[in-house]
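**Q** Among the features that Swiss-Prot reports, Mg(2+) binding site is placed at Asp454, Asp460, Glu463, Glu464, with the record citing similarity to another entry. Annotation source Swiss-Prot lists domain 'tRNA-binding' at 39-148. Summarising the annotation, Swiss-Prot assigns domain 'B5' to 401-476. Swiss-Prot lists 701-794 with the feature domain 'FDX-ACB'.
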Amino acid sequence: MKFSELWLREWVNPAIDSDALANQITMAGLEVDGVEPVAGSFHGVVVGEVVECAQHPNADKLRVTKVNVGGDRLLDIVCGAPNCRQGLRVAVATIGAVLPGDFKIKAAKLRGEPSEGMLCSFSELGISDDHSGIIELPADAPIGTDIREYLKLDDNTIEISVTPNRADCLGIIGVARDVAVLNQLPLVQPEIVPVGATIDDTLPITVEAPEACPRYLGRVVKGINVKAPTPLWMKEKLRRCGIRSIDAVVDVTNYVLLELGQPMHAFDKDRIEGGIVVRMAKEGETLVLLDGTEAKLNADTLVIADHNKALAMGGIFGGEHSGVNDETQNVLLECAFFSPLSITGRARRHGLHTDASHRYERGVDPALQHKAMERATRLLIDICGGEAGPVIDITNEATLPKRATITLRRSKLDRLIGHHIADEQVTDILRRLGCEVTEGKDEWQAVAPSWRFDMEIEEDLVEEVARVYGYNNIPDEPVQASLIMGTHREADLSLKRVKTLLNDKGYQEVITYSFVDPKVQQMIHPGVEALLLPSPISVEMSAMRLSLWTGLLATVVYNQNRQQNRVRIFESGLRFVPDTQAPLGIRQDLMLAGVICGNRYEEHWNLAKETVDFYDLKGDLESVLDLTGKLNEVEFRAEANPALHPGQSAAIYLKGERIGFVGVVHPELERKLDLNGRTLVFELEWNKLADRVVPQAREISRFPANRRDIAVVVAENVPAADILSECKKVGVNQVVGVNLFDVYRGKGVAEGYKSLAISLILQDTSRTLEEEEIAATVAKCVEALKERFQASLRD
């Protein structure tokens with residue numbers, strides 16, 4: 001935000017120079033980005049009056065003038081400006097004057113005519129880029145007065161970065177409040193005398209969306225002269241704030257916007273049919289905006305309409321049809337409080353960012369509307385004439401923001417600041433900030449001012465007290481603390497160790513947003529309710545993630561769109577699952593997830609191109625699980641997941657509890673997300689794995705191991721993992737290894753069945769096993785498989 005230093009000093013004028021003022025504003029939390037003079041360096045320019053203006057005898061585009069600058073004679077000056085005319089008060093650079101760029105004014109002859117000075121434009125004085133003509137001063141500008149003094153050009157433009165929580169400082173009044181508080185000075189506000197109604201003209205106003213528009217004020221002003229010139233003082237204040245003068249009506253609403261921080265709008269009353277209706281847009285409704293573009297409105301967009309059509313996007317941009325033009329005589333002034341949530345994101349959807357939407361998205365003082373309406377009415381009538389009707393106020397108190405009541409404890413204040421501030425100082429600071437304060441024993445009850453949306457909790461008051469007291473006034477004190485060594489159990493498995501393993505396997509770690517697109521998330525987790533944000537960055541980031549897959553799959557698409565088809569990425573982070581049993585109704589689980597797609601290996605002349613499959617990812621996952629020492633306790637079970645391919649996925653169970661999923665992304669989901677080719681994902685609940693099984697030292701057998709192979713025929717739906725698990729359980733004392741080395745379907749095996757070839761490794765730590773013992777153990781395994789799975793030995 002830009003503003004004039006002199007305009008600020010009209011409200012509060014501390015006895016400090018510009019640099020100190022800028023530093024003070026920065027230390028108050030409103031970072032000053034720049035301080036620049038409002039005009040170039042020049043001297044010798046005064047107010048003059050063109051007494052005579054005649055055509056130059058030797059040049060069609062030049063005029064010969066006689067100018068009164070308050071001296072004992074008139075000056076002959078040749079001027080080429082198209083707006084030069086008799087009776088005009090102008091800025092005159094006299095002989096000896098020096099203009100910006102070290103341009104010195106001397107007596108000269110132009111096409112044979114003497115010229116004893118120069119009539120200046122704004123650009124020639126370094127005030128603005130306007131070089132369309134010479135400066136036109138008011139008719140009462142005192143002749144001979146230094147133009148720097150008359151236009152108050154010994155001024156600076158201060159530009160500040162206003163953080164989103166300090167919307168109250170998007171007007172001169174807000175910055176002035178802070179400066180007044182910091183310097184313990186009174187705030188000198190302009191006198192705003194209510195304008196009484198002199199006519200009875202009104203328009204009916206209906207608010208159909210009170211949640212989006214808790215307060216709407218409208219006032220008819222009739223008989224205005226829209227062509228009346230905007231006063232130079234107002235033009236200059238607008239210019240120094242970076243706003244170009246348009247016409248008197250628009251300039252007045254912009255002036256109130258900059259002064260009080262309250263957006264306003266003026267409608268051409270004669271173009272409104274019936275009355276004003278504040279409602280949500282109809283799906284597909286269109287509106288031609290003031291810039292001539294057509295906006296297609298969504299049902300969640302607030303509009304100001306008449307009885308037949310939309311007139312404006314509420315709090316964002318006016319419509320062309322109802323806008324003020326050169327023929328306008330009667331206007332309806334609008335001043336409203338729109339809920340920030342009803343405005344947020346709507347302007348960006350249409351490629352807009354207006355001064356009004358910028359303020360409404362952050363929050364406007366809900367108690368400001370009557371004051372702004374009276375200020376705008378007075379300025380409009382003073383400049384354009386006309387008569388005002390009564391103010392129509394439609395307010396829904398139930399939906400207006402409520403002022404927060406906050407308890408500030410002395411113990412909390414001292415602990416967070418680390419310094420004791422006297423009670424009377426704390427009370428004084430809070431009251432100067434605009435709070436209604438009630439003192440108690442070692443605490444304060446403060447009711448936040450209506451313009452401070454960011455004062456909600458105790459820490460906010462602590463911050464305000466410290467800010468106003470001055471961070472530099474808080475003494476440096478060494479921290480007194482004792483160091484306690486953190487305990488580290490042998491069973492603790494660092495997530496960093498797992499990340500290193502995945503890095504070694506070619507994965508890259510990514511970090512994605514916890515805020516995701518609710519529509520995409522519903523594709524991945526259909527029917528699962530997510531936590532929605534009340535004030536999202538955008539609609540596409542309005543839900544908290546239910547898993548890490550949403551962000552990871554979006555990252556894959558992003559990379560594939562940039563010709564990176566072989567992707568291996570992983571992420572660790574929290575998911576947010578609604579749970580009525582959890583604190584605040586949300587369960588936060590630390591998850592580890594990964595995605596792979598593309599070729600199994602990097603391109604190589606000696607390797608065939610093979611696409612990754614389920615077993616590639618399962619193998620990587622087993623390596624991770626092996627680090628935990630719990631691989632032998634993990635089961636991969638066939639279980640449906642709407643995001644995964646039903647025939648190429650599995651749920652992961654640890655001791656009967658599901659801890660994750662692994663599998664190929666469902667083909668339908670691949671299509672919807674525009675994934676290129678087969679994509680595989682996994683996700684694990686990390687906290688259920690972080691407590692690893694500590695390796696136990698055991699004796700290594702000095703006796704030979706024996707291998708026996710068996711082939712068993714089982715039904716197609718029997719998982720091979722269950723077969724291996726049963727063999728391990730039966731041969732627990734002698735079977736030290738079980739491995740599946742072949743799966744066969746075809747000739748010799750009935751349809752609906754499969755043959756599993758299994759190797760059994762048998763060994764004892766105390767002796768060499770006899771053949772009879774080996775045969776007995778193998779037979780025991782076969783019998784167990786036959787009994788549980790109706791397996792039979794294959795011939």
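Quick reminder: no glycine exception, Cβ is built from N, Cα and C everywhere.
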**Q** Determine the mean pLDDT over the domain 'B5' (401-476), rounding to the nearest whole number.
**A** 94
**Q** Once near-sequence residues are set aside, which residues in the chain of Glu463 (Mg(2+) binding site), 6 or more away, have Cβ atoms under 8 Å from its Cβ?
**A** none
**Q** In the domain 'tRNA-binding' (39-148), how many residues does DSSP call helix, how many strand, and how many coil?
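**A** For the domain 'tRNA-binding' (39-148), the helix, strand and coil counts are 5 helix, 48 strand, 57 coil.
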**Q** Residues other than Asp454, Asp460, Glu463, Glu464 within 8 Å, Cβ to Cβ centroid, of the Mg(2+) site?
**A** Asn165, Arg452, Met455, Glu459, Leu461, Val462, Arg467
**Q** Relative to the Cβ position of Asp454 (Mg(2+) binding site), how many further Cβ atoms are located within 10 Å?
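**A** That number is 18.
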**Q** With a 10 Å radius around each C-beta, find which of these binding-site residues (Asp460, Glu464) has the fewest other C-beta atoms nearby.
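**A** Each of the binding-site residues Asp460, Glu464 was scored by Cβ atoms within 10 Å; lowest is Asp460.
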**Q** Treating G and I as helix alongside H, and B as strand alongside E, what does DSSP give for the domain 'FDX-ACB' (701-794) in helix, strand and coil?
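**A** Secondary-structure composition of the domain 'FDX-ACB' (701-794): 30 helix, 32 strand, 32 coil.
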**Q** Provide the three-state secondary structure of Glu464 (Mg(2+) binding site) computed with DSSP.
**A** helix
**Q** What are the DSSP helix/strand/coil residue counts across the domain 'B5' (401-476)?
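**A** Result for the domain 'B5' (401-476), in helix, strand, coil order: 33 helix, 15 strand, 28 coil.
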